[in-house]
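Heads up: the structure comes next, in structure tokens.
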Amino acid sequence: MLFILVDHSSFSCIMLCPIWIYCLLSSLMCMWLLSNAQSDSGKPVIQLRLAGGKRKHYEGRVEVFYNGEWGTVCDDDFSIYAAHVVCRELGFLDAESWLPSAKYGRGEGRIWLDNVHCSGSEKSLAHCPSNGFGVSDCKHSEDVGVVCSKKRIPGFKFIRNQLTKNQVKNLGVEDVRIRATYSHRKRIPITEGFLEVKDGGKWRQICNVDWNEMNSRVICGMYGFPGEKRFNVRPYKFLAKRRKKNFWGFSVNCTGNEADLAECKVGREIELKGNRTCEQGMPVVVSCVPGRAFAPSVSIGYRKAYRVEQPLVRLRGGALIGEGRVEVLRNGEWGTVCDDDWNLKAATVVCRELGFGSAKEAFTGARMGQGIGPVVMNEVECSGFEKSLTECRFNSEALGCSHEEDAAVKCNIPAMGFNKRLRLSGGRNPYEGRVEVLTERNGSLAWGSVCSDSWGTMEAMVVCRQLGLGFASHAFQETWYWQGDASAEAVVMSGVRCSGTELTLDQCLHHGKHIQCPKGGGRFAAGASCTLTAPDLVLSSQVVEQTTYLEDRPMYALQCAHEEHCLSSSAEQADSTSYRRLLRFSSQIHNNGQSDFRPRAAHHSWVWHECHRHYHSMEVFTHYDLMNLNGTKVAEGHKASFCLEDTHCDEGIQKRYECANFGAQGITVGCWDTYRHDIDCQWVDITDVKPGDYIFQIVINPNYEVAESDYANNIMKCRARYDGHRIWMYNCVIGKNQSESRVLHDSGVPPSVSLQHHQFEECLQMSC
């Protein structure tokens, strides 16, 4: 028999048997086993987390817990392969990108790893070659960050590693769901049920012993609901006794401000004892309060049109439901919020105030387009529990803020299943096609087409929003070039008229079951194409105020304008030597959106006007109306788009459109088109108007020929005072939802003639 005594510093072989070769082989084997054991034990056990400000739960600064202390990783030699290792170690499928130079802020403590070289197959970042733990010549300005895939690894088992006494780990479960009882499953949306988390590939309940309202608030917020409510516990206790128990092994601690359960901390460990687990409680049940627009309906057809709950705050310019630029009503005027210190807490207050859930993202830098009017809030500080953004602390002085810094939000919204009842069929891509609707026929659900009579941009807008495809780029009344589903040829909806605020097409006015479609479906079925960005035209009220004046012009000099119907009806009988009194002004139209404004009609279909010797790319681009104070029209005009071009652009933006030589027409984002006061039809004929007080109104793109992200700011209204010889234009406001009192009930005196003349001269020098 052979005994081997092993020492860490030396090896000795004491032979009790004369077979010396066995001793030699055994010694070599022993040395190999020992070295291998030392190698395995030499791989340190670490824990990772993502940290930093203004981030989502799947991104952040990479931090390593080693030797009882949290530290960071230097970006030297870091790669996407190392990012993959980090994300997989945290339970995500893989990495999308990595960011150097402390993009998520500078960390604290030790820089544990430097010059990390991973192949991507390692199970832990600790297994990748590096300089060694704590060996680094980096500063925290070189801390690396990663962006992981939002999807978690199926079957990833959450393991609570050893932490220091003061450290708590975030949740790492695969998924979360509210499992409704049988009686609630037909409700849309599902607002109440057992809460379950997916861990290790299995759905598990959470014991409610340590559960509180803050946890429920987070769950409701991530499912698109503004708040939680009490519920009847008795039926759930009865169901819980009959169901097989499969509890998760931990409790949950949320502050109430988290946007997702994954951002909450893990609570105490729950002792799993089979059916005797959580004997003092029951599985967690969550009950949420939906916003008014998403009130549950037993019937599938949801017919309540969207209305904001709180009129002091609104969203504008967003492509999808629950997102947009934040605007606040203050002193009767809508204004924007500066993005200084804008964060998820403030964004969540906005979202919940408007009847949505918590905020997914808080956008800065005018990501949803630039607004108009004043910047009414700056440096907003919210606790996250305010009922309105107006209750948060803020700085009313917005010095240094411009509309390039307008804040925006993207909110969680309930799963309403809107996109399952509508589709675009036959298009070249998912963003276009014939509109087909799922309706009930003869007791079963079937797809059918929509009659194209009265079909326009507003109706297409609702379709694109319902499908989550953004804005409408075009509305089609003929779709013969798209081969839709042959079984969906029958017209199932006609007479559709939408205001543009509806969430679904069946919320719009339509004929119901009594279909009236003289053209029939087939080639004349309605169609739409969608886009995630759109232009947004806004008129400069200041230019209109500063350039208004009167001109008396003889009829013989107005023949071309007369042919284009730019004069009032009394001009038909007017003598060629008579004069017409014209209210002249310049209009400066800015594109504040996220894509260029282009005429709907292609070059070949533009209309040639022989008298003026130019083409019209849009037959009606603007309407000009003079109304008395009760809204009755007393004079009107219109302007065809004979030339849409970039007259001037913001600094750093290149002009793209120029009308010369029959060039492409449009208005680039960040540019504006100026129609000067001295061109034909840039007026209203007021020859027959009596002296008095009036309202002057301009509407851009009045027929919604071109889709925009916001039509509300296409209207401008001004007060006008006409004494028979002179006219004053003052108190102009943009937007049909602005406080009418600013226009109709203004008690101020119009600006003096001398001041108005001085402003006009200045504007002429600026090419207004």
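In case you wondered, yes, glycine gets a Cβ from its N, Cα and C as well.
If you look up TrEMBL, you'll see Cys74-Cys138, Cys87-Cys148, Cys118-Cys128, Cys254-Cys264, Cys382-Cys392, Cys498-Cys508 marked as disulfide bond. Among the features that TrEMBL reports, domain 'SRCR' is placed at 48-149, 178-289, 313-412, 422-531. According to TrEMBL, the transmembrane segment annotation covers 12-34.
On the structure: features taken from TrEMBL.
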{"residue": "Cys74", "record": "disulfide bond", "CB count, 10 Å": "24"}
{"residue": "Cys87", "record": "disulfide bond", "CB count, 10 Å": "26"}
{"residue": "Cys118", "record": "disulfide bond", "CB count, 10 Å": "22"}
{"residue": "Cys138", "record": "disulfide bond", "CB count, 10 Å": "18"}
{"residue": "Cys148", "record": "disulfide bond", "CB count, 10 Å": "26"}
{"residue": "Cys254", "record": "disulfide bond", "CB count, 10 Å": "23"}
{"residue": "Cys264", "record": "disulfide bond", "CB count, 10 Å": "21"}
{"residue": "Cys382", "record": "disulfide bond", "CB count, 10 Å": "23"}
{"residue": "Cys392", "record": "disulfide bond", "CB count, 10 Å": "17"}
{"residue": "Cys508", "record": "disulfide bond", "CB count, 10 Å": "21"}
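Around the Cβ of Cys128 (disulfide bond), the same chain contributes Ala82, Val85, Val116, His117, Cys118, Ser119, Glu122, each under 8 angstroms and 6 or more positions distant in sequence. For Cys264 (disulfide bond), the spatially nearest entry among the disulfide-bonded residues Cys74, Cys87, Cys498 is Cys87, judged by CA separation. Of the candidate disulfide-bonded residues, Cys87, Cys148, Cys254, Cys498, the one lying closest to Cys392 (disulfide bond) when CA atoms are compared is Cys254. Less than 8 angstroms from the CB of Cys498 (disulfide bond) sit Met458, Glu459, Met461, Val462, Leu505, Cys508, Leu509, each of them six or more residues away in the same chain. Residue pair Cys382 (disulfide bond) / Cys254 (disulfide bond) shows a Cα separation of 18 Å.
Residue counts for the domain 'SRCR' (313-412) under DSSP (helix as H, G, I; strand as E, B; rest coil) come to 16 helix, 38 strand, 46 coil.
Cα spacing between Cys148 (disulfide bond) and Cys74 (disulfide bond): 18 Å, rounded to the nearest whole number. Taking the Cα of Cys87 (disulfide bond) as the reference point, the closest of the disulfide-bonded residues Cys74, Cys138, Cys254 is Cys74. For the pair Cys254 (disulfide bond) and Cys74 (disulfide bond), the C-alpha distance works out to 31 angstrom.
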